[in-house]
Amino acid sequence: MLRIRRVLEEKKLLNLIARSSRTRWMSSSTEVMSFGDGSHGALGLPTSLIGHGMDAYEPTPVTGLPSDITLVSAGHYHSLAVTSHGQLWAWGRNHEVQLGRGLLNTRDTWNEPKRVEGLDQVQVTAAFASGVVSAAIGDDGSLWVWGRSKRGQLGLGKGITEASVPSKVEALEGEKIAKVSFGWGHALALTVDGKLFGWGYLADGRLGKMGGLVEASPLDSSMNVAKHEVITQSTLEVAERLVLEGMEKEMDMPIVWDPCSVEELKGVEVVDIACGLDHSLVLCRDGTLLSSGSNIYGQLGRANHDIGLFPVDISFPAAAIASGLGHSLAICRVKSSEGEGDATSIVSWGWNQSSQLGRPEPENVPMEVEGLAGETAILVSGGRAHSIAVTSKGEVWVWGCGRNGRLGLGSSCDEPEPVMLDSLEGCEVLQAVSGFDHNLILIAR
């Protein structure tokens, strides 16, 4: 009976999170707001409002977008928005043609939201992005990618490093893709029926033991040399030399150019994925949360340091996951403070230099963000050094690094614990996502 009750409670929690996602499609009129670092145009705000490349310290409406946006996505330095009619809009950094508008547009137009070219025959239902690549999912489950990546992040075949227009990932033909997540050089794709595919850069086992590779990144090895030493000028010189040598060695690391099934998880149903800069999180249907890749900041959340996908040492059942650059986040089911039933809370671990975990040490151990106790978290997202969450009340909470206004609180101050973004009080918040240093908020009007 206890097992049945637990399953039912977990399904209730998953349904709550799913309902929050479906709400995005029900709103007849929506508005996108942005705040944070504007140096790459990722805010989509006109220069007449904030100046060229300036920052926004509070949530500010993104003008020039249709009023039927159903979903937003943030790459490291650019932004994407999907409409109810299946159109995709993009703005922000375009050095790697990740906006899908070619390179003829000058940098002073990066901040202008425009439709992605080449998707006229595709009914887009979702979009995802890394620092250099963008991706769209069609209503038939097809995956389309564009941008530039030397590490195979496009997934278009051996040696293909650039796609100036959206190109279909033929290796996934026949699969219905539900979600994609990108790291710095690797990518994961989840299908509707729970299969997991990976491609791109292989170091540290961030794609599992794909192809039998279990080699650590030379950069991680170099960083570990000086991690626990007293920092002196000679130590810094040695560390710098080792990092440079590691970067050279990384050029020879194997790359998976086409999406391949993640071998360890064949036959296992996956329900969620999240890629940090160089680590991965995979949530399975049975509640097991796995991690792989670099553990330089403790972002894997496990004492087992073996290379590959292994369980996170987490004591709470996870329902959804997210990753920042070097930190990890999970929405988990926890005991209600009132003693009746279960509630949700956010558990964090990994890099905490700017308090992006929302709690004190230890960093490498998954622990609850106590500042959100009593709140029911339904969405969470991580940036370079900050985090953002949405609760069932429609409130937005932020914590971590406040530089460039990336917390939206009107200042550059860091916040060691979650703080409610009261400037959005009264708004019906449907979604909140973080890029490296900027954020997008989708609200119903």
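The backbone N, Cα and C atoms fix where each Cβ goes, glycine too.
In TrEMBL, annotation is done automatically, which means it is predicted and not curated.
If you look up TrEMBL, you'll see 30-85 (among others) marked as repeat 'RCC1'.
Sequence annotations record features per position, and here TrEMBL assigns domain 'RCC1-like' to 31-440.
For the repeat 'RCC1' (86-140), the DSSP-based tally of helix, strand and coil residues reads 3 helix, 19 strand, 33 coil. As annotated by TrEMBL, repeat 'RCC1' applies to 86-140 (among others).
Taken from TrEMBL, the feature repeat 'RCC1' covers 141-193 (among others). Averaged over the repeat 'RCC1' (141-193), the predicted model reaches a pLDDT of 97.
Taken from TrEMBL, the feature repeat 'RCC1' covers 194-286 (among others).
The repeat 'RCC1' annotation in TrEMBL covers 287-334 (among others).
Each residue in the repeat 'RCC1' (344-393) gets a DSSP state, and the totals come to 3 helix, 21 strand, 26 coil. Sequence annotations record features per position, and here TrEMBL assigns repeat 'RCC1' to 344-393 (among others).
The repeat 'RCC1' annotation in TrEMBL covers 394-445 (among others).
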Stretch with greatest number of CB pairs under 8 Å, the repeat 'RCC1' (394-445) reference, 30-85, 86-140, 141-193 candidates: 30-85
